[in-house]
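Visitor: Grabbed the feature section from TrEMBL, which reads as follows:
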- 21-30: compositional bias 'Basic and acidic residues' (COMPBIAS)
- 180-320: domain 'Peptidase S54 rhomboid' (DOMAIN)
- 21-49: region 'Disordered' (REGION)
- 73-92: transmembrane segment (TRANSMEM)
- 139-156: transmembrane segment (TRANSMEM)
- 176-195: transmembrane segment (TRANSMEM)
- 215-233: transmembrane segment (TRANSMEM)
- 269-288: transmembrane segment (TRANSMEM)
- 300-318: transmembrane segment (TRANSMEM)
Amino acid sequence: MLFPRFTLNTQQRCSFRKAAKETKTKKGVIEETGPSHTEPSERLIHKRGASPPVEPSVAYAHPRSFGRLVKPLVFTIGFTACSFGTAAIWQYESLKSRVQSYFDEERANWLEKLRPQKQGDLRKRINQWWNSLSEGQRTVTGIIAANAVVFCCWRVPSLQRSMIKYFTSNPASKTLCFPMLLSTFSHYSFFHMAANMYVLWSFSSSIVSMLGREQFMAVYVSAGVISTMFSYVCKTANSLRNSPLLTSGAIMTVLAAVCTKMPEAKLAIIFLPMYAFSAGNALKAIVAMDTAGLVLGWRYFDHAAHLGGAIFGIWYIMYGHELIWKNREPLVKVWHDLRTKGPGGGGNGGSGPL
């Protein structure tokens, strides 16, 4: 792609009298101004593939400027801390309301028996299907639905600019922090989304039974941010000029966590169920492939984000659970004191947190 400055010099040498588009230079980035801003959105549209269209305004002015990563690093640390703090409070509230929920469920079942049953009641069938799911499958259903909604938004031409700005991870973009979280739920390719959601659904029961619903959600969203931060660092260090990518770091964290906790579990590929292999060997192969992709500069997937997600999953199972989750009691105690001392909290509020 030729820069506008080269075009301008060519026109002057050939004595063209057609007015050229104005250009302005700012910090090494040449931006075009003029009628092109009012043209249709075909500049943002390209044929459907695994990666989204590239925004023309995205440029790599200073590819090795690590100073731009200070703000994303602070965001990563703060968001991770808030995620686990929120999960601890969420678990406290869930435990506290469990008794009341039990009585509400018994009353609902009693009323259901009194109400006349309808043949082919759609609501009843949906409830039966929902109750047949494991806790892990019910937990990831919301994540899958969010990914499906974002995938549909990618197909709306009027939303292309906003999707590229907020739902793709790109260390050269002006918006660095929010895409670290939002790209976790973003897929441009249907095959990419289907594969990731299948892996998430398959491992959901195991990971939620290991960590619990609240801790799993904290790990999942934190993994998306941490893996993107790892990708930012690697792309900046290697001066990569590839297009913005949609990361699957959170999925890799789930897979790595389960394989680390249960390395002897048997896995198989959906299209080749006759070939089984251990979870530990599968994790080693995936880490080796992503490491090779990062070193050799493969561009089709964000191998840096995959590798960052896998490392975080392994670290959390081996050390993170002990360092973070088992030290949540001081925060829960503070929350318990605030809840019991508040209006209608019950005075002194008992002996301690649940």
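Even glycines carry a Cβ here, placed using N, Cα and C.
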Visitor: Sort out the residues at least 6 away from either end of the transmembrane segment (73-92), same chain, that have Cβ-Cβ distances under 8 Å to it, and list them.
Guide: 176-177, 180-181, 212, 214-215, 217-218, 221-222, 225-226, 229, 324-325, 328, 331-332, 335-336, 353-354
Visitor: Sort out the residues at least 6 away from either end of the transmembrane segment (139-156), same chain, that have Cβ-Cβ distances under 8 Å to it, and list them.
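Guide: Counting only partners 6 or more residues beyond its ends, the transmembrane segment (139-156) has Cβ contacts under 8 Å with 52, 133, 163, 167, 182, 185-188, 190, 193, 196-197, 200-201, 204, 208, 213, 216-217, 220.
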Visitor: Within the domain 'Peptidase S54 rhomboid' (180-320), count helix residues (DSSP H, G, I), strand residues (E, B) and coil residues, in that order.
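Guide: Tallied per class, the domain 'Peptidase S54 rhomboid' (180-320) gives 103 helix, 12 strand, 26 coil.
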Visitor: When you scan the chain for residues with a C-beta under 8 Å from the transmembrane segment (269-288), skipping those not six or more beyond its ends, what do you find?
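Guide: Apart from its flanks, the transmembrane segment (269-288) reaches 198, 252, 255-256, 258-260, 262-263, 306-307, 310, 314.
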Visitor: Taking all residues of the domain 'Peptidase S54 rhomboid' (180-320) together, what is their mean pLDDT?
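Guide: Averaging the confidence scores along the domain 'Peptidase S54 rhomboid' (180-320) gives 89.
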